[in-house]
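Visitor: Dropping the structure in here first, questions after.
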Amino acid sequence: MTTTALTTASPSQVRQNYHQDSEAAINRQINLELYASYVYLSMSCYFDRDDVALKNFAKYFLHQSHEEREHAEKLMKLQNQRGGRIFLQDIKKPDRDDWESGLNAMECALHLEKSVNQSLLELHKLATDKNDPHLCDFIETHYLNEQVKSIKELGDHVTNLRKMGAPEAGMAEYLFDKHTLGHSES
């Protein structure tokens, strides 16, 4: 086998009704999901620091990081099942290393989830425009409802932290960490 044969992707024999634009959009979504995982991992590490010490914030964001990575892996599996090719891109560094407060991190997470949701809605529209019912069903089944739930949960967390006086009232984040995140399913 020549070097050229090893480096060029052969055409898929399973590909059917899978537009190149959809394939490219899936690769972009994979990158976005991995970026979200990376951001949540950064948040988790911040809250696990000895000078921050909010262990349930750390656990919550670590769980979110794992979920986002699983989303990326699911999309990779879909890409292979549909006969597409996975082209991984560099994952952008999170915008910050210091998340300042639980409230700030939750607000950033809410913004991130809304961005991911918007990207999924655009992917769904593309699949609709390309008459790809398989991709539409996949996005509806595995992503859209979960995104709405995540956005609602994060919105509730932001509201409750604000009501408690965070971040000015330091005790608010400690109590939220202990009583809300300490008893959540995440």
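Counting begins at 1 with the first residue displayed.
Cβ atoms here come from the backbone N, Cα and C positions, even for glycine.
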Visitor: Let me know which member of GLU33, GLU107 Swiss-Prot also records as binding Fe cation 1 at the site of GLU68, HIS71.
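Guide: Answer, per Swiss-Prot (Fe cation 1 site with GLU68, HIS71), from GLU33, GLU107: GLU33.
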Visitor: Among GLN81, GLN89, GLN147, which residue shares the Fe cation 2 site with GLU68, GLU113 according to Swiss-Prot?
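Guide: According to Swiss-Prot, the candidate sharing the Fe cation 2 site with GLU68, GLU113 is GLN147.
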Visitor: How far is it from GLU33 (Fe cation 1 binding site) to GLN147 (Fe cation 2 binding site), counting Cα to Cα, in Å?
Guide: 12
Visitor: The domain 'Ferritin-like diiron' (16-165): mean pLDDT?
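Guide: Across the residues of the domain 'Ferritin-like diiron' (16-165) the model's pLDDT averages 97 on the 0 to 100 scale.
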Visitor: Give the number of CB atoms, excluding that of GLU68 (Fe cation 1 binding site) itself, located within 10 Å of its CB.
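Guide: That number is 24.
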Visitor: Which residues, same chain and not among GLU33, GLU68, HIS71, have a CB within 8 angstroms of the centroid of the CB atoms at the recorded Fe cation 1 site?
Guide: LEU32, LEU34, ALA36, SER37, GLU67, ARG69, GLU70, ALA72, LEU75, VAL116
Visitor: DSSP three-state call for GLU113 (Fe cation 2 binding site): helix, strand or coil?
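Guide: It is helical.
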Visitor: Round to a whole number and give the Cα-to-Cα distance in Å for the pair GLU68 (Fe cation 1 binding site) and GLN147 (Fe cation 2 binding site).
Guide: 11
